[in-house]
Amino acid sequence: MKRKEKKKMGAGSIIFMALVYLFLYMPVFVIILFSFNKNNTNMVFDGFTLKWYLEVFQGDSLLKNFWLSIELALVSMVISVVLGTLATIGLYRYEFKLKKFINGLLYVPIVIPELVIGLASLASFSKMGMTMGFATMVFAHVTFCLPFVIITLRSRIANFDSSIEEAAMDLGANQWHTLKRVTIPMLTPGIISGALLSITLSIDDVIISYFVSGAGDITFPIKVYGMVRGKITTNVYVISTLMIVGIVVIYLLAGALGRFISKRREIRDIRKIDAQ
């Protein structure tokens with residue numbers, strides 16, 4: 001069968017695609033540009049300077065809010081990934097009466113507005129007598145990040161060949177070693193995707209964090225949202241730029257890690273075949 005050749009893009013398609021990408025990334029470029037603005041409050045670009053970057057690293061209060069957001073995102077991500085991975089494997093392996101109902105419940109936090117989740121979280125924590133702070137923020141963030149992690153992993157495990165697990169157990173591996181040596185490595189790309197999605201959702205959240213945060217636990221998005229009512233300083237653009245760079249680096253490292261794991265698995269499989 002003759003292989004179908006790919007058509008080359010015309011000039012019109014290239015221009016259209018360029019305009020789409022320009023529309024998507026123009027706000028990002030504007031933020032990066034204004035992070036070097038000489039004027040601290042004026043929305044007119046007055047020239048380049050690194051003054052505000054130096055000021056941020058010398059102890060700007062916004063940096064504290066930024067690191068709180070990062071810490072919150074990382075803690076929420078770890079909990080969401082661990083619980084999400086275990087839940088996904090359990091829903092995949094076992095059959096029980098309420099399985100379809102539980103699968104349906106996964107979509108509830110996704111379709112419910114964040115305002116409702118924030119109010120519900122606030123009411124629940126208040127009813128339990130919990131003091132609003134970092135712990136309540138972690139619980140709330142895990143609540144809305146967990147379904148996204150599970151759904152991401154489900155798309156990965158749907159193509160999983162269960163006969164590989166059965167073969168491992170036939171060769172003497174117990175359930176723990178099968179999970180560690182077979183299941184988890186196969187789910188690694190999905191775990192990485194779920195972790196990155198969880199971090200992004202947590203860092204970006206404003207509404208839910210606003211309801212469950214304590215007096216001294218103000219995340220970077222909440223701080224910026226509050227500054228919009230008054231004036232936005234150049235330091236906001238600086239930290240936003242640092243956040244963009246950090247996220248890009250994380251995605252690049254995650255992609256490199258995924259390729260490394262896949263390559264390592266291929267090499268290991270080839271060695272096993274040669275050994276036989």
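Any Cβ shown, glycine's included, is placed from N, Cα and C.
According to TrEMBL, the feature transmembrane segment maps to 12-36 (among others).
The transmembrane segment annotation in TrEMBL covers 66-92 (among others).
Residues or ranges marked as domain 'ABC transmembrane type-1' by TrEMBL: 66-254.
If you look at the transmembrane segment (104-125), the same-chain residues 6 or more away from its ends with a CB under 8 A from one of its CBs are 132, 136, 139-140, 143-144, 146-148, 150-151, 205, 207-208, 210-212. Under the heading transmembrane segment, TrEMBL lists 104-125 (among others).
Feature annotation from TrEMBL assigns transmembrane segment to 131-153 (among others).
Below 8 angstroms of C-beta separation, residues 69-70, 72-74, 76-77, 80-81, 84-85, 114-115, 117-119, 121-122, 125, 131-134, 136-137, 139-141, 144-145, 148-150, 152-153, 155-157, 184, 222, 225, 243, 247, 250-251, 254, 257-258 of the same chain, each at least six residues beyond the ends of the transmembrane segment (190-216), sit close to that stretch. Taken from TrEMBL, the feature transmembrane segment covers 190-216 (among others).
Summarising the annotation, TrEMBL assigns transmembrane segment to 236-261 (among others). Under 8 Å from some Cβ of the transmembrane segment (236-261) lie the Cβ atoms of residues 28, 31-32, 34-35, 37, 52-53, 56, 60, 62-63, 66, 185, 188-189, 192, 195-196, 199-200, 203, 220, 224, 227, all in the same chain and six or more residues away from its ends.
Long-range contacts of the transmembrane segment (66-92) within its own chain (CB-CB distance under 8 A, at least 6 residues past either end) are made by residues 99, 102-103, 134, 137-138, 141-142, 145-146, 149-150, 152-154, 157, 160, 179, 183-184, 187, 191, 194-195, 198-199, 202-203, 209, 217-221, 239, 242-243. Residues of the same chain lying 6 or more positions beyond the ends of the transmembrane segment (131-153) and with a Cβ under 8 Å from any Cβ of it are 68, 72-73, 75-77, 79-81, 83-85, 87-88, 91, 106-110, 114, 117-118, 121-122, 125, 187, 190-191, 193-195, 197-198, 201-202, 205, 208-209, 211-214, 216-217, 219.
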